[in-house]
Every structure is written in C-alpha cells, then in structure tokens.
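A.B. asks: So TrEMBL lists the following for this protein:
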- B:R42: L-glutamate binding site (BINDING)
- B:A76, B:T77, B:F101, B:T151, B:D171, B:Q194, B:N236, B:T237: pyridoxal 5'-phosphate binding site (BINDING)
- B:4-347: domain 'Aminotransferase class V' (DOMAIN)
- B:K195: N6-(pyridoxal phosphate)lysine (MOD_RES)
Protein chains: 2
Amino acid sequence: MDRVFNFSPGPATLPLPVLERAQKELVSCGGHGMSVMEMSHRSKMYMEIIEAAEAELRELMGIPDNYKVLFMGGGATMQFSCVPINLKQNGKADYIVSGSFAKKASQEAAKFLDVNVVASSKDTNFNCIPDLANAKFDPDADYVHITTNNTIYGTRYTKLPEVGDVPLVADASSNILSEPMDVSRFGLLYAGAQKNIGIAGVTIVVIREDLIGRAAENTPVMLDYKTYADSESMYNTPPCYPIYIAKLVFDWLKEMGGVPAIQAINEMKANLLYDYLDNTSFYHATAKKADRSLMNVTFTLPEPAMDALFVKEAAENGLVNLKGHRSVGGIRASIYNAMPMEGVQKLVDFMADFEKRHG
Amino acid sequence: MDRVFNFSPGPATLPLPVLERAQKELVSCGGHGMSVMEMSHRSKMYMEIIEAAEAELRELMGIPDNYKVLFMGGGATMQFSCVPINLKQNGKADYIVSGSFAKKASQEAAKFLDVNVVASSKDTNFNCIPDLANAKFDPDADYVHITTNNTIYGTRYTKLPEVGDVPLVADASSNILSEPMDVSRFGLLYAGAQKNIGIAGVTIVVIREDLIGRAAENTPVMLDYKTYADSESMYNTPPCYPIYIAKLVFDWLKEMGGVPAIQAINEMKANLLYDYLDNTSFYHATAKKADRSLMNVTFTLPEPAMDALFVKEAAENGLVNLKGHRSVGGIRASIYNAMPMEGVQKLVDFMADFEKRHG
Ligand SMILES: Cc1ncc(COP(=O)(O)O)c(C=O)c1O
Ligand SMILES: Cc1ncc(COP(=O)(O)O)c(C=O)c1O
Ligand SMILES: [Mg+2]
Ligand SMILES: [Mg+2]
Ligand SMILES: [Mg+2]
Ligand SMILES: [Mg+2]
C-alpha cells in the first residue's frame, strides 16, 4: 500500500475501507452486473442506495422528521445563491462574517436581498469567531447565516448564536458530522460533500419543511428547494455516484460508532496537534484558543520563508497538502473524520524532527 | 465476468476498459498515493486531469479556438435555465419542440424571456423531428434552441435548421460524440455526461466566446457562464470525479478511432436493430424513418400487454433496462457509444426468439 496521509482541506482524504469497497464494486455491484455509475437513477437498485444514504444521514445527525434532506449539485457555493433566493420574504438577512467563505456567501446574497453584516472578525484576519455581544440581530430578518467551521482560518463555533425565531442557516461544509449538531436549532444546514461526506459533486441540504416553497415563481428550477423536496431529489438525474460514495462514508461512520464516537477521536487528534503546538515556541497556532477548529489546524513557522521547505520535507515523508491557504500563508493540517490518528501522530513526529533540524 | 448488457437511457453503460481503469486507480492513482476522489482540485495532479479532459474533448469534437469548454454541475436540466439567463438580450427566443426535454427546456426558458415555439411534433407524439418548412424564425431572437437527439422518442436531427446569424443552441445530451457535429454551426452546445461522456454529476457546455458575459448582474454565480469561463471551471470545487471519468471515456474513444470511427460502429449497431425491426411485422419501430436516432431505438410489440413479459425475459437473458419511457410505453433500446455490437446482436437474437415463441 503506497498511500500517503493527505491533509488537503477538500477534496479530502477518504476512509480507506470506503475506497476499497468502491473499488471492489466498481465494475459490477451487488450482483447487478453493472457499476453503480451505470445504474439508472430511477432503478430499484439505485433507489435503494439514495434512500439508504438519506436514512443513514438522518440517523447519524438525528435529523427530525419535519426536516427534508436534499441532494443537490453545484457545490456549497451554489447554496450561497439558493439560500437568499429560497428564504427571501421580508427581503433582508443577517450574516456573521467569520471567514472568506462567509464573506462570499454574504456578497452573493446581496444580489438578492439586503444583507446586514451583524459581526465580522475580519479585523483580526479571521483568527476567531466574531464576538456577538454587541451584534444587533434584526428580528425581521429572513434568516441569520453562519459558517460553523472556517476551513481557511481554522476556527469553529463552539456555541450557536441565539437568534430567537429567525431561522438560523449554516454552512457546515467543513465540520458536518465531526461532532453532534442539534439540527432543531437550525432552519437550514448545507454542506459540500468533499470533506466529511464524500466527494465533490453533491451538496447536502437539510431544511425545515416550512421553509420550502417560498421561492419566487421565476426561480431557476434547479435552484428551488421545492424541486428537490417534491421529487426526493429525483426531478432530474442526481449526481448518482457522489451520492453512492456518501452512502459508503455513512456506512463507515456508523461502524465507527457514529458522530459521538468520531467526535472523541477528532478531539484526540486535534488535541495531540494543538498540545504540541502550544508546547513549542517554534510553531505558533494562529486561531484563538477558544474557537479552534477540530478539522483544520492552522499554524505558522518562525519565518514564512520556511513554509515551502516544511511542506516539501513533509511531502517527502508522505504527509501531503499541508500548505496554508494563499490568503493566510503558513501551514494548515486538515484532519477530517477520515484522517486516522496515525496520520496526525506521524505529522507531530515530523514536526518535532523538523524543529530539531531547523529550530 | 457477470456483466449484463445495459440498455438504460442514462445513466448508461460505460466502456468496460474505462471501468477497469477506474477500478485499478481507485485507491491510489498514478503513484500519487491517493485516489482521484481525494485530490485537491487545485493540485497539479488534478489540474492535469481536467486539462486533459478538455484537450481531448476539443480534439474529439474539433472545437474551434473561439469556443470555451465549461464543466458545470446541476445536470442538463440546469442548462434549461442557464441558456435563457445567459443569452437574453432582446428578451425572446425560438424553440423547436421535438420531445419532452425540448418542451421542458422551452417551459423553463419562459420564466426568463418570451418563448416562441416555431415548430413542434407533439401532434404525432414526437415520432419525428418537426417539419421546418413553414417555421417562422425570428431574426431578432436571442437564440434558437433545438434538442439534437430525443432520448425518449428515438429521433434525431440529420440536418441542422438554417438560422442565419441567430445563435443555434443545442441540447446534445443524448447524441454528443456519437457522430461528427460541426461545432462552428452552434453558438452553444450542452450535454449531461451520463450518456456518451461519463457519469451523472457533470454537464459540459461548449460556448462561443462572444456569447459569454451577457448575463445580468444579479445572476446566481454558479449559473453564470462567465464564472466558469474566467476560472477554467475552478471558481469553486468542480465535480472532480465525474470529470475524471469523462477523461477516461475520452481516452477510450480516442483509442477506438475517435468520433468518425464510433459513428461507423453506431450506424452498424443501429442498422442491425432497425433492419430487424423493419423485416418483421411482430415489432414496430415507432420513429419516422428519416429521423431515426442512432442512440435510442424505440419500438412496440403487437400488444402493450406484452411489454412487461418482453422486458422480464430480456432481463433474464442479461439484457436490461429495455422498458420504454413511461410517457410512450413500448420498448426502448439505448445503444450509446459504449454499447458493444455484441450487445445489440444478443438483443436481436433474443427478439427473434421472443417473436418465435409469442408471435
Ligand atoms: C466552509 C466552506 N464553505 C463553502 C465552500 C465552497 O464549497 P464548494 O467548492 O463546494 O462550492 C468551502 C470550500 O472549501 C468551504 O470550506
Ligand atoms: C435530451 C435530454 N436533455 C436533458 C435531459 C435531462 O438531463 P439531466 O437529468 O442531466 O438534467 C435528458 C435526460 O435524459 C435528455 O435525454
Ligand atoms: Mg474560511
Ligand atoms: Mg507554539
Ligand atoms: Mg425526448
Ligand atoms: Mg416491423
């Protein structure tokens, strides 16, 4: 096995058992004499896959019955448009800007309604979740939008904002399924699959039923949540194979013990890395301690000039994709559900060795 | 090998060498120590894949330099909205309604501009391409929309309408790459991948450059062709794995000799089936002879009541997904590029046997 440890922020590493199962079933799946890739989306065999994917996600996340699960294309970015288009009523929405995806979401929404940025951590280069003490939420806003985990900056909400009756909408692309989330606190949750769910090409939307059906008449059909809700995401051909991979990931996560069990592992992985970072002056963890992400660990070396060497030597040791995002520099280790403890341990060992040689 | 012959209209059968290669590379691809599914879309290794996919498609179709190739999500159905949203100028467009997808496209477009149905074959249940002798094309229309192959009814254009300077827009979902197309005759061509290109989850748009950048300011970002054109389809995470499968299919098609070579095979396959249908009174080919599709062959049995038995016995013989679309009934054999001659021969043999036993 020549596998590397892949710290990519997304598309990201997948559980090896998922890849091995996909490989085994690739040419012919389940005695059907064809690949999942070749199955008619309306066939019984494929319907079983998409229905199982939904049922398992409902079980894993504890999704209440009054929420629909939608499988959409277009990436999480398409949701930046879908959310305002579908939820617009009074024509205004509150956004908390905690990173560059949150900012992009707010800018896209401004095409469709009045956006009120109630809080932002831009001034500290998004190294924390904005302080909400003085945030003025509009009780007439159509929704409040947050980004539960900020992939680029390595921060996450540890506590949800109190928004009263206004629907809370969350981009959970980079921490869905990493720790329990109380779905009933949200009006809508969305996540691109290419981090904790599976592969790029499908985005999952979990939406409270009463929020469906509000889009204007002239909404593009594939952007209207009602299109998906009314057809079980089968109005047209869904991204069948990405949904199948999601199902395999859900199978794997259930076998791992579900979300609480993976949360415990995620905390061990993150703690190993953060404890190491905190105990050396060579490396510096960039995110505010209270808001540290379990999924994306961002840090710097003594000099930005050392970044390239670190990334190169790490890759030579089978630890790849550690370069921080171009907008912040430094190093980022994305350690999603599928990254095993062994990978994080190997990274810490490498970091200690690198420090010894270059400190 | 327990593979069946899969006559599904899409998602559809794939070339076995493509599946075998995907299988081989699934856990670790090209010495990179990771699956293509896990590659960052901005990594050098993945960029090579998407760039090769585009270059090979350009070569296979002979796409002129002044056309862009875009990789989008959302299925062909999303293009039903994107086309009017992006091409609207005078606010009106001409549609030829040759089947139910063409009709859906025209209905969706009517949300965004004035749709003029210049011709329709609805009166004969879409058994032919509409007669254009009396069609009144509007010289001020923003475009003329056609569906080059009608998946459900088994018809295709053998000759493109003359539209002067008005851009011709084509939904080529079910016959792209099956026979040469003169791209320079079109302003825009689009095709969902799940028939002749690969798997569901990516839609390919081939667009003349001067038609890009016309969308209104408040266009949803993932529906604007300019978003894709300006970023090489990398504004956000593209459907990476479906694009990789497309690349493998293009590799295979090139090895088969390209589009003219596959056209010759497609004609042999279709002729075998149509000749058989024409030489028996038991079966009846439903599409008008001059407009017969090379990709979807539709026919009826002496009694609709026999359909279910035919489909069931065929499946027992390893010939699956032959049921006609619910809107027309009867039988449909979809014989895309990846269906080998052997599969069509086996179908004809089965049909002869079925006729003998039930005729
Ligand atoms: C938090 C977050 N939101 C949105 C996106 C954009 O997702 P997509 O590329 O699927 O549009 C990303 C991508 O990394 C992300 O991390
Ligand atoms: C000609 C044609 N256009 C459009 C579609 C719809 O494609 P999608 O399911 O990708 O939206 C199909 C699907 O079979 C088709 O055959
Ligand atoms: Mg961010
Ligand atoms: Mg430190
Ligand atoms: Mg049709
Ligand atoms: Mg006949």
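Every residue, even glycine, has its Cβ placed from backbone N, Cα and C.
Automatic, uncurated: that is what TrEMBL annotation is.
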A.B. asks: According to DSSP, does B:N236 (pyridoxal 5'-phosphate binding site) sit in a helix, a strand, or coil?
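C.D. replies: Once the DSSP labels are grouped into three classes, B:N236 (pyridoxal 5'-phosphate binding site) ends up as coil.
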A.B. asks: Quiz question: given the recorded positions B:R42, B:K195, which has the greatest number of C-beta atoms lying within 10 angstroms of its own C-beta?
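C.D. replies: Of B:R42, B:K195, the one with the most crowded Cβ is B:K195.
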A.B. asks: Could you state, as a whole number of Å, the largest distance between Cα atoms of any two of B:A76, B:T77, B:F101, B:T151, B:D171, B:Q194, B:N236, B:T237, the listed pyridoxal 5'-phosphate binders?
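C.D. replies: Among the residues the record ties to pyridoxal 5'-phosphate, max Cα distance equals 31 Å.
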A.B. asks: Of B:F101, B:T151, B:K195, listed here as recorded positions, which sit with their C-beta under 8 angstroms from a C-beta of chain A?
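C.D. replies: In terms of proximity to chain A, the recorded positions that count are none, since no Cβ is under 8 Å.
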A.B. asks: When you measure from each Cβ to the nearest atom of ligand 5, which of the binding-site residues B:R42, B:A76, B:T237 fall under 6 angstroms?
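C.D. replies: With ligand 5 as the reference and 6 Å as the Cβ limit, the list is empty: none.
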A.B. asks: Of B:T77, B:Q194, B:N236, which of the binding-site residues has the most Cβ neighbours inside 10 Å?
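C.D. replies: By the 10 Å Cβ neighbour count, B:Q194 comes out on top.
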A.B. asks: For the domain 'Aminotransferase class V' (B:4-347), what's the model's average pLDDT?
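C.D. replies: The average pLDDT of the model in the domain 'Aminotransferase class V' (B:4-347) works out to 98.
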A.B. asks: Please go through the binding-site residues B:R42, B:T77, B:T151, B:D171, B:N236 one by one and keep those whose C-beta falls under 6 A from any atom of ligand 6; give the result in sequence order.
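C.D. replies: List returned for ligand 6: none.
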A.B. asks: Sort B:A76 (pyridoxal 5'-phosphate binding site) into helix, strand or coil using the DSSP assignment.
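C.D. replies: In the DSSP reduction, B:A76 (pyridoxal 5'-phosphate binding site) maps to helix.
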A.B. asks: How big is the Cα-to-Cα gap, in Å, between B:T151 (pyridoxal 5'-phosphate binding site) and B:R42 (L-glutamate binding site)?
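C.D. replies: Per the Cα atoms, B:T151 (pyridoxal 5'-phosphate binding site) and B:R42 (L-glutamate binding site) stand 36 Å apart.
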A.B. asks: Counting distance between Cα atoms, which of the binding-site residues B:R42, B:A76, B:T77 is nearest the residue listed as 'N6-(pyridoxal phosphate)lysine'?
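C.D. replies: Sorting the binding-site residues by distance from the residue listed as 'N6-(pyridoxal phosphate)lysine', the top entry is B:A76.
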A.B. asks: Which recorded positions, if any, among B:R42, B:F101, B:K195, B:N236, B:T237 have a Cβ under 6 Å from ligand 2, given in order along the chain?
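C.D. replies: Result: B:F101.
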A.B. asks: To the nearest whole angstrom, state the Cα distance for the pair B:F101 (pyridoxal 5'-phosphate binding site) and B:R42 (L-glutamate binding site).
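C.D. replies: Answer for this pair: 35 Å between alpha carbons.
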A.B. asks: Helix, strand or coil: which one is B:F101 (pyridoxal 5'-phosphate binding site) in, per DSSP?
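C.D. replies: DSSP call for B:F101 (pyridoxal 5'-phosphate binding site): helix.
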